[in-house]
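Visitor: Here it is: the structure, laid out below.
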Amino acid sequence: METILGLDLPTWWFLLLGALITGYGILDGFDLGAGALHLFFRKEESRRIVLNAIGPVWDGNVVWLVISAGVLFSAFPMVYGTLLSAFYLPFMLLLFGIIFRAISIEFRSKEPMRWWRRLWDFNYFASSTSIALILGLILGNMVQGIPLDSNHRFIGTLRGFLNPYAILIAITTLSLFMLHGAMYLAMKTENRLYAKLTILINWTSKLFILCFIASAVATLIYVPHMAAIFRDRPYWFVVPMAALLIVLNIRYSIEKRRYLLGFISSAVTTSLMLVLVALGLYPNLVFSNIDPNNHISIYDAASTTKSLSIMLGFAFVGVPLAAAYTIFSFYTFRGKVKLDDGSSYL
Amino acid sequence: MDDVTLLSRLQFAFTIAFHYIYPPLTIGLGVCLVFMEGMYLRTKNKVYEDLTRFWIKIFALIFGIGVATGIVMEFEFGTNWATYSRYVGDVFGSALAAEGIFAFALESGFLGILLFGWNRVSPRVHFMATVLVALGSIFSAIWIVVANSWMQTPAGFRIEGHEMQARAVITDFWAMIFNPSSVERLSHVLVGAFSSGAFLVLSVSALYILRGQHIDHARKGFKIGLWVATFAALLSLFTGHSAANVVGKYQPIKMAAMEGHWDSLAPADAYVFGWVDKQNEVTHGLKVPGGLSFLLHFDPRANVPGLKQYPVNDRPGAVNFVFQSYHIMVTLGFAMIGLTLLALWLLYRGRLYEQRWLMWIFVFSVLMPQVANQVGWYSAEVGRQPWVVYGLLRTSDALSEAVRADQVLTSLILFTLVYFVLFLLFIYLLNKKIQHGIDVGDVTDHSGPLSTKNPDVFSTAR
């Protein structure tokens, strides 16, 4: 098989897909987290400010989900079909969450009535929270493995999807996003709202560290193939160690009130957690918890070399461009949010 | 047809039809916005700036719903059509991924600047953002229609494996992109989208003209809308003709269904309107003798194959539906040409805005491209049946094995409810924006830290 820098094409796409999903987690993570915290802001003005803080960028963040899904479809079509149809209802709920969230952000400011704003505030909170939870549930199931028969067909149930381990991962994901979102908002706000966010950061960080430890322990006990990485290749212990250090650094940067550093730290934490998942999975993409022979490996699922090479060309040109738009947008809207005629959500 | 097939088809049809209300509007409005803001930069006339600001707000409302309902489409390939996804992923997936990377990223990345950037970037950079968002929405159409055209006229691939393991793999990327129907279908879809946005501008402007409200703004808006609409309506005729020719050449069964053409005949007739009796395999209606032969071959005596020539299980089931939707599209297309040319002539004579009856027609004309775009797609997609990839993969073989009928029924009911509410809210908010009117002289000071404008937009006077 053709290799580039010693890695074959399916591996490159595995890495690229991982990078895209990580990018999505970091970017949409903070605006989903901000949504999950939305109801903690009591005053109308505060709610406007936090919405305008994510306003110019959230749509651009969702792009990375669309790109990730497109890449999964084109690079690993078998996984795309199997995974999305296996988790049919969860993915449908995810889609409804995305719809409700988009319209809540868009519609809230369009009417001044109290009940109208309360309604969309609640929808925004509920959809943001459920998107984070569903993403976490999917991740939890991916880490654990799902029931696949010898034809790589899914034979599980919805109840299996909602297992305790996956729920723990879902809560961990939510708490990480909330922390990440609070850090972002702290960078964008001033005065009393900022003071409120420092309190929120304090407790979301504690919640996350608690969840992080619980997930780590649960993973080592209940997910043997994750534990096996460290048994076979002990040097990978660097990754969880780094994660732990960075989590502690989050606490440090909170105490020093350096929220940009904290924001970067929670972003790196997101990346490292997904690196761990990738290490546990590779060279498989979907684990069968029935029989190791039923795993779907990247080689089973990959598109042809020709297709993967064409796509690599696309990615080489397109991903830096898309990243440049994102950076340009963040640069344009840098600094604290002020409510003026430039803010769209009033 | 079993339950899962029927429900999955219904769900896809419903969600794509609903989605397709929005992207053509944003594509067309995007073009109009480029002209409006371009005129502002050139003339420095505040009226154009007010117009641009007003239409960007409407653009954002439509864009938001378009994005949310569009993500649904991407995921549905995997959730409901897993076999299809595995079968076509190697070919079709790359076009879909390219849409995300090259088009959607561009649109969404710069939409923030369009909406929130008025005080953050210079007018030139803002205009650049408008151009990029408009381009992004056009790029989006390019990739999606290319992918869909590949499903109509597959090219640049070969089939690998057998039975359940069979899949289409790419052999020639450019042959896939420029498959026999890509260019013709894309150009027809794009001009249809331009009409869609332009007629919305015409409709709202006509309403203001009738009410004597924002007269200067409304006339300037109307003019821009009218030029785009006329251009699009005329081009629809040519692109539509070449698209139909491609159908005749590569999908003769679909062409026969569109015209209710049963017997292979020379000459073959075209219908102005009619009714297809599938039971007795005849079509009744007003016909142009030799019309179909002439349209397809420029020869009124040429032979055109009829439906009876093909086995029943290779023909679309809903022949009358395909026939009617195709004919409604064509009729509306001609009506739009007539309407825009008439308005252009009156504009030239300087008597356009006094014709109240014509302005009233324009108020409601927004529905014409909407309906034409919808039914045009119905005939293209239903006419492709029973295939999902023409000649290669049957729709009934493309489903997800893991998904049961009750699951699809649940999601279909939810989609129906949610989209119904969404549509009502959309119409309500759109109407509210239109009734609120254009904020004249919205912002005069670009440098001040805080404008004097009341932060609550709802209390500002018109």
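Cβ atoms here come from the backbone N, Cα and C positions, even for glycine.
Below are the features listed in TrEMBL for this protein:
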| type | residues | note |
| --- | --- | --- |
| TRANSMEM | A:12-41 | transmembrane segment |
| TRANSMEM | A:86-103 | transmembrane segment |
| TRANSMEM | A:124-144 | transmembrane segment |
| TRANSMEM | A:164-186 | transmembrane segment |
| TRANSMEM | A:207-229 | transmembrane segment |
| TRANSMEM | A:235-252 | transmembrane segment |
| TRANSMEM | A:259-282 | transmembrane segment |
| TRANSMEM | A:310-333 | transmembrane segment |
Visitor: Cβ pairs under 8 Å only, please: of the recorded stretches A:86-103, A:124-144, A:164-186, A:235-252, A:310-333, which one is richest in them relative to the transmembrane segment (A:259-282)?
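Guide: Out of the listed stretches, A:235-252 contacts the transmembrane segment (A:259-282) most.
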Visitor: State the residues, same chain only, that lie 6 or more residues beyond the ends of the transmembrane segment (A:310-333) and have a CB under 8 A from a CB inside it; answer 'none' if no residue qualifies.
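Guide: Cβ under 8 Å, 6 or more out: 4, 9, 12-13, 16, 20, 27, 56-57, 60-61, 63, 67, 71, 74-75, 303.
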Visitor: What stretch in A:86-103, A:124-144, A:164-186, A:235-252 has the biggest tally of Cβ pairs under 8 Å against the transmembrane segment (A:207-229)?
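Guide: Result: A:164-186.
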Visitor: In terms of Cβ proximity under 8 Å, which residues at least six beyond the ends of the transmembrane segment (A:124-144) contact it?
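Guide: Residues 25, 31-36, 38-39, 51, 87, 90, 93-94, 96-98, 100-101, 104-105, 108, 161-163, 165-174, 177, 219, 222-223, 226, 277, 280-281, 286-287, 289 contact the transmembrane segment (A:124-144) from elsewhere in the chain.
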